[in-house]
Every structure is written in C-alpha cells, then in structure tokens.
Amino acid sequence: MIIRSPEPEVKILVDRDPIKTSFEEWAKPGHFSRTIAKGPDTTTWIWNLHADAHDFDSHTSDLEEISRKVFSAHFGQLSIIFLWLSGMYFHGARFSNYEAWLSDPTHIGPSAQVVWPIVGQEILNGDVGGGFRGIQITSGFFQIWRASGITSELQLYCTAIGALVFAALMLFAGWFHYHKAAPKLAWFQDVESMLNHHLAGLLGLGSLSWAGHQVHVSLPINQFLNAGVDPKEIPLPHEFILNRDLLAQLYPSFAEGATPFFTLNWSKYSEFLTFRGGLDPVTGGLWLTDIAHHHLAIAILFLIAGHMYRTNWGIGHGLKDILEAHKGPFTGQGHKGLYEILTTSWHAQLSLNLAMLGSLTIVVAHHMYSMPPYPYLATDYATQLSLFTHHMWIGGFLIVGAAAHAAIFMVRDYDPTNRYNDLLDRVLRHRDAIISHLNWACIFLGFHSFGLYIHNDTMSALGRPQDMFSDTAIQLQPVFAQWIQKTHALAPGVTAPGETASTSLTWGGGELVAVGGKVALLPIPLGTADFLVHHIHAFTIHVTVLILLKGVLFARSSRLIPDKASLGFRFPCDGPGRGGTCQVSAWDHVFLGLFWMYNAISVVIFHFSWKMQSDVWGSISDQGVVTHITGGNFAQSSITINGWLRDFLWAQASQVIQSYGSSLSAYGLFFLGAHFVWAFSLMFLFSGRGYWQELIESIVWAHNKLKVAPATQPRALSIVQGRAVGVTHYLLGGIATTWAFFLARIIAVG
C-alpha cells in the first residue's frame, strides 16, 4: 500500500466578474459617498468631491475592495506613463533635430519642439546649431536615446507607437483586474510571492534584458558612432542580434559564443564587460561597457535575491519569521506585529516605500553629475542642472509623502490595543525625548550655521576680511569630506585593484575630461564655503524631519489633545471653546513640512548651480587652461549672505530679467508669472476664513439685488482647504520661478 502525501490544494486567487462594468456612475459625481452623491448645496461640495475621490478608505472599509481599487489605479497610472513616454518619443521623431545632434553632439543643442507662428511667438525658436531653430530641451532624452543605440527618427517613431500599444494594454489590464478577474485579499498579502516576482522578475530579469540589449545593440552602435561613422551607414539593431559575425568584428570573443561562459573562462568577455571606472574621453559619459557589466551584476544579485523567500515549495525565508526574530537586548518585542501592520495597512507600506524611493531619487540626483551615465550628458550643462534640480524636488516631495502616509497609518490603521513593547510602541512611548532632542539639534544647527554667515557679513561690512571664516583667513576646512574624497581617489589599484580610474572624477586625482573644448568633469575642491553651506543643509533637513516626525509621533494623541485620533487625519482646531488648538492635525504637519522641504531643496540646488558654474563647468583652451563660467567665485563670495544675494541671485538673474526680445523670453514671462503665482499663495496663507465669508456675503447680496444669485450657495474655503490651495501655489510658484531663473541663465552662458 502506497501512502501519498496529500496534494497541496490549488488556491483560487481571483474572483470572476465581481463588479459589473457600467458607465452610469460616470454621470453621478460623488457616487462613492452618500453625502457627496446628493449633489451640491454649497460650493464646498466641489472641494469635498476632489478631496475624497481617491481616498478609497473613505469609500469602503473592506480591505479587499480598497486593495483592488489601488491595484487597478496603478494600471491607469502606468497607462498615463506610457502615454507620456510615447509623446516624448513622438516629439523626438516628428519635431526634433535628433539625427543632426547625433552627427555633432558637441556643437548642436538638442531640440524637440518647434513653436508655430501665431502671434509672433516663433521668436522662441532659437538657433540650436546645425541650421535648426527650435526650443532647446533639457530632459536628457537625446543622450539616453544615443546610449540605447537609437540612430534614426524612424526608430523613435516605431518606439512611440509601441508605447501607445502598451498604454492601451495597461488600460485594459486595469479594467480586467477590477471588473473581470479581481485578485482576492490573500493574493495582495502574499508577500513572499510578491518579493519573488518583483526582485527576480522586475529587477532581475529587467536588468538582465537591459544588459543584453546593451551588449548586443547599444555597445556596437555606440562604438561606430564614437568612431565617427555616419548613423545611416551603421547596421540596424536586428542585424547585430541575428548576425554574430558582425559583433565578432568589434568584439572578437563573440565568435566563441557561450563556450567561455560554460567553461568558466569568463575573462574572455572582458572586452565588452569592463571594470574601468572614470569617464570615456570621447563622450564624457561613463564607459558603456562598465554600465553593461554593472547591469549584468545587478541582474545576478536580484535573481538570487528573488529566490530566497518561501513560496509554493516550502523552502526559503518567511518574512513573518524574519521580522519576529528581529529582537535585540534593548528593543523589547522588536518587530513583532510589524508583518501584520504591513500586510493590512497600505498606508504603512506606502510610507516605507516613499521614504526609500525619495532617498534613492536624491541619490540619483547626485550621481547624474558625478558619474554622468549617458554620452555627451556631462557637457550639456542645461540638462545637467535640470536633471539635478528635478530629482532633488521629486525626492523631497516623496519624503514628505512618506511622512503623510505614516501619519495616516497612525490615525486610521494603527491599533494600540494589540501593540505592546514592540519597536513602534517603544518609539511612541519616548517620543517626547526624541522630539525635544531633535528640537535642540535644530536650534543648535540653526544658530551656529547661520551665525557663521552673520559673522562673515559683519566682518565684511566692517572691512575686516582677515577676521572672516574663509579659505584665506580663518579656515574651516571640511576635513572629513576631504578625507573621503582622498580615500576614493586613491582606491584604483589599491583597495579596488581591478579598476583603472576612480568611480568619479569628482574625488580628485588631477585628471580632467573635456569634450569639444567644454569641461565634462574634473576634481571638485571642497573648502570653507562648502563647510558653511553644508551646515545650512544639515539645519534645513533636521527642521523638515522635526516637523514631519512630530506629526507622525503625535498623530493619535498629545498632551494638548489626548483624543486626537478621534478627530481624524485633518481638522482645523479642536472644536469651539478650546483656543490654541489649531494647526495640530497630522495634515497640518505635512502642510508645514512642505515649506521646510522647499527651503531645504532650494538651498541644495542653489549650492549645486553656483558651485558647478564656479568650479567645474567652463571651457578649456588648446593650452589646457580652464576658464570657469563664473571664474571660481564661489569660495570667496558664498561665505556671506550678501554674497549669495549679490553674486548668485542678482548677478545670475540678469539673463532671465533681460530675456525679453530673445529666444529665451518665455523664461522671462515664466519668471514673472511664477512670482505672481507664488505671491497669490500668500493671500490664502495670511488671511482667515471669516474674512472671505464676510466678503462673499456682500457679493451674494449684490447678486440677489440683481436677481442673478446661483442656486448653489457660495461658501468660503474651509481652513484646511485654504491652506492646501496656499501651499500648492507657494510650491508651484517657487519651483517655476527657480526653473525659469536656472534655465535662462544656463542656456545663455552654458
């Protein structure tokens, strides 16, 4: 008699046809809420409609239904992203000078937008070189296209159509997985399978396929382009893929196929999988062979990582076990219960993901200039400045979002009854110590960092330069940063024996890469000026963290309002009869944190913009003499507040202020308009609700007098709505002002 172990039952992970597809609800604004569905009595209705349309928690408390809505919405988001990408590639195919740029990227600027003459705005079509007139773009798409081996506008056109097909596919998937085959809650909570697919599938196979594309398509095509071959003469991508002999002419080891791989003779492949470090002197970008090698290595790591977790086969790690075993001598119950939090609260999950993705985005910003990945990116100063600024802003917003969703988790999803002595509970119990210490750190950093500048301004004003903190008087050298630079500069051949150059030219070591007479990158000197501004960075970051963390830790209760959790995530004040309890909701902390995030990022991008123009970017003569854009004035000018105002903001604003009548004039208009949007925000931030309600009532009286009063009763914005409108315009105005200021300046001088 044979006893078989019972076969594991196949789990049914989807519900078929859970929700009927119908367009009826499209005609009922607010169908997700009983109150809003009744239609507008007052103008507050439209604000509530927008506030709650995507707040799925408020539509239903069923976690499975919420999960399905979020999942379906993600496909909609992907569809929009594909549509956007398609538009970018279509502009490259239809309106750009990509092929001309490809033939001479050092003298021709990238342009993919030509303005139509309607009221004379064709003045915006500046001469970007090579006889093409259009708007200079600074997104870095041309450089990415070249790195990926695109040689013609037809290829861009085909890719654009492909992206449209994918956009349609994503829309279909969003409908299908909500209306036809909607996943069950168990599927959303199966974290090990999710890790398997995301690590091994998305990151592992994704990196592997990119590495394959780079080796078989990008490398050979870029090899030809670098040698000056006309793009039209270069074989097409599929010819390299199908014909191994073509590749073997460029990389002889290709003739041996996969034999070296299976015989472990991997060094044969070092022709196209290199470990050089530094930059390619022809293009000023990282060696594409280094990049291919990197993606292959990343693919291996993630393919292994994706197979470490226990799925259908009963071997590997279980995440719950890992978390519950994670206890130290001083951490009580450790991470016990964290698994349940992260599988039942999407806000908790999103908060962690936003915090990590935000930090990663800021890391990307710093690597885009110090290790420029694409050919001819480093010498395109406008694109370099734009990419840095863009990734810094995005990172800042994501990190504030992390705090927002952490606070929503605390208010809506945290259950204090079954949490005792785990790490989260312990943090909450000593939150006063955390916040008061952080507050002390902010005060210390603020007074000392700003105090150094004030000292310098005072000494400068009194004509005592010998008593200033500067590289030529009282030095405050950033010795730790210089030590890190030196360590990295000395690494090749020592701690990184296989490398021929250090990871980034910025570390030091004396070499300089210039392309077409422009500096791509050189060692960046750090001195007293950097020491001062870095402490301003420390100050602004700590204040941002103080505000956001206080919002999270006191989201449910505080000494002032012990029952805060029952008031919800956003509320203006703790009801009538309790003065001094306004601006305490978790939402208000996010609101206030946004302003400090804006401060923090502004100082960073100003520092970057000036430092690069002063000490890195510039032209190089035949004799090897480098002339920087602002002639190295950062070290002596940025050590006073007056210097920042006079030699950075005012001096460099001249291009945007004087742009009228030139192809940069749109930036002049944006500069003006965005200042106006910013100023408009102050009207919402500085006045109270009652002022506007009073005004509205006079206006309604006038309408009644003329018998033109609307049926929907006008109401002033609620306090929270007013703040939301205020902060939105403040940030939008500030960011657009900075954008116009930076681009007009760098396109004119770079």
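Positions of Cβ are set from backbone N, Cα and C atoms, glycine also.
If you look up Swiss-Prot, you'll see Cys573, Cys582 marked as [4Fe-4S] cluster binding site, on the strength of sequence analysis. In this view, Cys582 ([4Fe-4S] cluster binding site) is surrounded by 13 other Cβ atoms within 10 Å of its Cβ, with every protein chain counted.
Taking a C-beta cut-off of under 8 angstroms and a sequence separation of 6 or more, His675 (chlorophyll a' binding site) has the following same-chain neighbours: Gly733, Thr737. Per Swiss-Prot, chlorophyll a' binding site is recorded for His675.
Annotated chlorophyll a binding site per Swiss-Prot: Met683, Tyr691, in sequence order. A 10 Å cutoff on Cβ-Cβ distances gives Met683 (chlorophyll a binding site) a total of 13 other Cβ atoms nearby, all chains included.
According to its DSSP assignment, Trp692 (phylloquinone binding site) is helical. The Cβ neighbour count for Trp692 (phylloquinone binding site), using a 10 Å radius and every protein chain shown, is 17. Annotation source Swiss-Prot lists phylloquinone binding site at Trp692.
Residues 54, 56, 112-113, 139, 141-142, 145, 153-154, 156-157, 159-161, 163-164, 166-168, 170-171, 173-175, 177-178, 183, 188, 346 of the same chain lie 6 or more positions beyond the ends of the transmembrane segment (70-93) yet place their CB under 8 Å from a CB of it. Swiss-Prot lists 70-93 (among others) with the feature transmembrane segment.
Sequence-distant contacts of the transmembrane segment (156-179) (same chain, at least 6 residues past either end, Cβ-Cβ under 8 Å): 17-21, 68-69, 71-76, 78-80, 82-83, 85-87, 89-90, 92-94, 96, 98, 145, 150. According to Swiss-Prot, the feature transmembrane segment maps to 156-179 (among others).
Residues or ranges marked as transmembrane segment in Swiss-Prot: 195-219 (among others). A Cβ distance under 8 Å defines the sequence-distant neighbours of the transmembrane segment (195-219), meaning residues of its chain 6+ beyond its ends; these are 147-149, 237, 240-241, 247, 250-251, 272-273, 288-289, 291-292, 295-296, 298-299, 301-303, 305-307, 309, 311, 319.
Annotated transmembrane segment per Swiss-Prot: 291-309 (among others), in sequence order, evidence recorded as sequence analysis.
Here Swiss-Prot flags 346-369 (among others) as transmembrane segment.
Residues 138-140, 341, 345, 347-348, 350-355, 357-362, 364-366, 368-369, 544, 548-549, 551-552, 555-556, 565, 568-569, 586-587, 589-590, 593-594, 597-598, 600-601, 604-605, 608-609, 612, 735, 738-739, 742-743, 746, 750 of the same chain lie 6 or more positions beyond the ends of the transmembrane segment (385-411) yet place their CB under 8 Å from a CB of it. Residues annotated as transmembrane segment in Swiss-Prot, with sequence analysis given as evidence: 385-411 (among others).
Look at Swiss-Prot and you will find 433-455 (among others) tagged as transmembrane segment, backed by sequence analysis. Through the fold, the transmembrane segment (433-455) approaches residues 427, 468-469, 476, 532, 535-536, 538-539, 542-543, 545-546, 549-550, 553-554, 639-641 of its own chain, all at least 6 residues removed from its boundaries and within a Cβ separation under 8 Å.
What Swiss-Prot lists as transmembrane segment is 531-549 (among others).
Taken from Swiss-Prot, the feature transmembrane segment covers 589-610 (among others).
Swiss-Prot lists 664-686 (among others) with the feature transmembrane segment.
Outside the transmembrane segment (724-744) by six or more residues, the chain places 138, 382, 385-386, 389, 393, 591, 594-595, 598, 602, 605, 609, 652-653, 655-656, 659, 664, 667-668, 670-671, 673-685, 717 with a CB less than 8 A from a CB of the stretch. Residues or ranges marked as transmembrane segment by Swiss-Prot: 724-744 (among others).
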Taking the Cβ of Cys573 ([4Fe-4S] cluster binding site) as the centre, count every other Cβ atom within 10 Å, in any protein chain shown.
17
Stretch contact, the transmembrane segment (531-549) with the transmembrane segment (589-610), Cβ-Cβ under 8 Å, 3+ pairs
yes
One finds that other Cβ atoms within 10 Å of the Cβ of Tyr691 (chlorophyll a binding site) number exactly 11
So among Cys573, Cys582, Trp692, all listed as binding-site residues, which is physically nearest to Met683 (chlorophyll a binding site)? Use the C-alpha atoms.
Trp692
Alpha-carbon distance [Cys573 ([4Fe-4S] cluster binding site); Trp692 (phylloquinone binding site)] in Å
18
